[in-house]
Each structure stands twice: as C-alpha cells, then as structure tokens.
Amino acid sequence: MLIEERLLTLFKRNCQHTLTYWSVFFSFGLSIAFLGPTILDLKCRTGSTLQEITWVFFAQQLCLLIGSSSGGAFTKTLFSALLALFLSSLIISVVFSIIPLCYNVLLLAIAMAVSGLAMGIIDTIANIQLVSIYKKDSPIFLQALHFFIGLGALLSPLIAEPFISGHCLRSNSTENATEIIHHFRSSFRSPVNLPESSPLSGPVEERNVSYAFWIMALINLPVPIAVFVLMYQEKLLPFCPNSSPRLLDKDELAMETKAPDNTEMAELDDEVFLHSGHGNIFSCCTDGALRGLPVTFFLIHIFGGMVLFMTEGIMGVYAGFVYTYAVSPPMSLQSKMAGNLNCIFWAAITAGRLVSIPLSYRFKTVHLLLTNMAGVIVTLLLLMILYTNRVFLFVGTTFLGLFISSVFPCLVAYTEDILEYRGCATTVLVTLSGMGEMTLQVLAGTLIQKKGSYSFLVCGLVIGCLGFIFLLSVILSNHFHRKITGASKKAEITDGPAAPAPEKTAPEHKTAVIQPECIKCDFGLDHNGSKPAENT
C-alpha cells in the first residue's frame, strides 16, 4: 500500500480541518502571483511613477512579515485560529475586488498592505495548526499544504493573462520594464510582452484588467466559506443552532472507547503544545518560556530560521531577476521567451511539492533536506559554468524549482520534531523566511545594478552555500540537543520518587474487598458470611 492505514485513518479523522487549511494556502498562492503580470496596468491606473509603485509592493511584503510574526498569537484556541483564517481569507477577496477602484497610489498601497497582513497570518496559522494535528506525521501533510501555494500561484497569472493591456508604455519602455522586473519576484511572464508588429503609437485593443481581479475575488470566495462551515461544524458560532456534535468530540469519543489512557496523554500533549510558546514571536521570548532550556534549543531555532532565510531568499531573488538575467548579455533572449522562465520556475516548485508528498513518507526528512540543498547548490553552480547556454538556463530553472520547493515544509517538520512540538519553531521559521525573502531581494538587486547581471548567479550560489552550512549546523545542534535532553530525562527517572505507585494501587485493593460483600448480600448472606436463622 502506498500510504499505511494509520495515516489514512488519521487523515480521515481530521479531513475537514486539513482540507480547510490547504484551501487557505490556495488563497495565499493566489495573492502572491497576481502582482507581476498586472504591474504595468496598476502603474498606469494609479498614474504613479516607478519609485511610487515600488513602495506599494514593499508595503505588502513588510505587512506580510508582520502578519507572519504575529499570526501565532491566534493559535491559542481553535476559535481564534479559525476566526483569524476566516477574516484573512475574506480580506483577500475584498482586496481583490477593490484593487480596480484604487486610482491613487496611496489607496493601492493600503490595500496591498492589508492583503500582506492577511497572507502572513494565514502562513503562520495554517503551518502551526497542521503541525499540532499531525505532529510526527506532519511532513507529508505540510508538503501538500505548500503544494496548494504553487497551485494558486499558477492559476493567478492564467486568469490575468487575457485582460492584461500593454499600451501604457513610453518610448523608454524597455528600460522601465527592466527596472520594474528588478523589484518583483512574482512575475510569471514579462510585463512588457508586446507583439512586435503592433507599434506603440498605433491603435491598441482596450482591455480591462479589473475583470481579472474580480474573477480572482470570486474564485477565492469559497475559501472563507469553507472556514465558516468548519466553525459551524465545530460549534464555535454562538448564533447558529448546534444540531450536530463537534467533529473533535466524535474523535475524542472514539479514542476514549478504544484507549482511554492514550487519550489522556494526547490531550495532555495538545495542552502542552498550545501553551508552550506557539504564539506570536514575542511570546516565545518571555522569561517563563525560556527558563531552564539548553543552549541547543536556541541554536536550533536560529540555525533553522537562517536556512529558510537563505532558501526563501533564493526563491525571491531567482523569480525576480531571472528575466533580467535572460534578456541581458550574454544570454540576450527575446523578452517573450525570457518571460516564460518565471512560469517554469513556479511550475517546477508546484510539481516538486507534489512529488515530495510520497517522498516525505518514504524517506527521512533530514535526508530530503540534505539532498534538496545539495541539488540547489549544484544547479546554481552549473548555471554559473554554463552561463552562455540558453537551453540549460531553462533546464537549470526547472531543477532549481524542484530542489528548493520542499525545503520549507521539510525544515518546519524537522525542527518541530527535534523540539518535540514544544518550541516556537514554526513562528520563528516563518518570520525569518519572510525577512530573507524581502532582504535578499534588495541586496541582489543592488549588486545586479552595480556589478552586472552575472552577479545574479554568484549571489544565488553564495546564499545557497550559506544555507547548506546553516543546515549542517541544525543537524549538529540536534545531535547535541538529544544528548542533553536525553541525559536530563534519565536523571529525572533515576532521582524521581516512587511514592505515587502505592497510591495508584490502593483504590484497586479497596474495590476487590467490597465486591465479595456485594455478592454475599445478593445471595442473602449476612456480613459474617452465614445465613440468618429464619426458622428458629
């Protein structure tokens, strides 16, 4: 059997929760990818300059980082987590619908910032909730979760494509387009993809990109509805009749019938998980949460976060600057052909996450991480060596997307497993990955402008090597962490008092004495065991 029966049973038990969290990540992917293809239309609609429109997207990335770092605060209860997901996914649909009405760059910046905040909250909550449900079995479900990002990211430009107009260009359109693409990682094709036969001064077919945003708003609308239905099923809506029992109540009843002792332990683990720092990133730094923890606990958080800082940075840098690299010497590809590189990259990421679902079940997470990081470095190295080979640029883009696709979900599952699902790993990792995505793009863009397009590959290779070093540091920290925590657990077992054992057996002894008395009474015997004299 491809997947063992235990995992299928676990998935069936949490099916509605899991599908809901996957659907909100579809919203996340839908929001990530629509910016690139529509950038020139938004620039023309708002009448803004390149510098002004750049700040619009910077506002979205900054608020995405804020939402990621604070989203864990909503995971204290199931109600707050689902309510935050419902509002965030609904906000994304609202933002999609009002973007065509933003004829001012300030209004557009505010709309993008609100959208980024909602995306960050979705990112953190969905990861934490899945880890809390599946724990050691979470890698396969996290891979599927991040597959839905790629699915939404692929669908978004396909919707926008028929409605994009390219007539709002000036004579220096090539220079402007080159500058524009320097700032955005989410472009799936070139924003200056104009037919060569149509002059800029001639009549151009009028297209309304507003329809693209409204269609995406409608496509995203079932997501908040799905979250609302889950809240209803969980009896979390006070104004709705509670006709059916909660889904979790059914599971707890079934588990109670089969193994009450295991249920108590599971409830205890869930309680520990919810109150062990999986909140916002600042709640992880309180004195009570950090007291008595070994130094390896902090090193795992730091090194794991730096791995994602680098890998998510590579994704942002490559998706944002591969077009610029392709149209510049020595590649000098046509803009239409170069614009396909972004779509190939994101398609490879989506396919890689889909393939990683069975792989994460068959292989250890740490082995997948080492293979993926080594593949990223080798691919970037070959791209540097074969920097004039146009065919390998497309092949290398595909392999880079495949290798880097599953690093994020694998590392989240690996670090949470190291910390026994009692740390702040998910919140810290999501926050640092957002910081890397935003920071390294600016750094790489500056180097490309100063040193030329070839520095794009050099920058990617250096970042990849640093990420591999940090991954080895995580593995080494895990080795020492298990030694330290294993020694402390052995000491607790050795020094622990054995007094509670007799107390546990006392009630059993008591019931053993009472039961014969009850039986004797049923047979009409007195307390001394003799029949009462009836005929005397």
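Every residue gets a Cβ built from N, Cα and C, even glycine.
Here is what Swiss-Prot says about this protein:
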TRANSMEM  19-39  transmembrane segment
TRANSMEM  53-73  transmembrane segment
TRANSMEM  81-101  transmembrane segment
TRANSMEM  105-125  transmembrane segment
TRANSMEM  140-160  transmembrane segment
TRANSMEM  211-231  transmembrane segment
TRANSMEM  297-317  transmembrane segment
TRANSMEM  341-361  transmembrane segment
TRANSMEM  366-386  transmembrane segment
TRANSMEM  391-411  transmembrane segment
TRANSMEM  428-448  transmembrane segment
TRANSMEM  456-476  transmembrane segment
Handout entry: Cβ-Cβ under 8 Å with the transmembrane segment (19-39): same-chain residues at least 6 beyond its ends
Key = 53, 57, 60, 85, 88-89, 92, 95, 115, 118-119, 122-123, 126, 129-130, 144-146, 148-157, 159-161, 164, 180, 184-189, 191, 209, 212-213, 216, 219-220, 222-223, 226-227, 230, 342, 346
Practice task
Spell out yes or no: are there three or more C-beta pairs under 8 angstroms between the transmembrane segment (140-160) and the transmembrane segment (81-101), with each pair 6 or more apart in sequence?
Solution key: no
Handout entry: Contact call for the transmembrane segment (391-411) and the transmembrane segment (105-125): at least 3 Cβ pairs under 8 Å, seq gap 6+
Key = no
Handout entry: the transmembrane segment (81-101) touching the transmembrane segment (297-317) per 3+ Cβ pairs under 8 Å rule
Key = no
Practice task
Could you name the stretch, out of 211-231, 341-361, 428-448, 456-476, with the greatest number of CB pairs under 8 A to the transmembrane segment (105-125)?
Solution key: 428-448
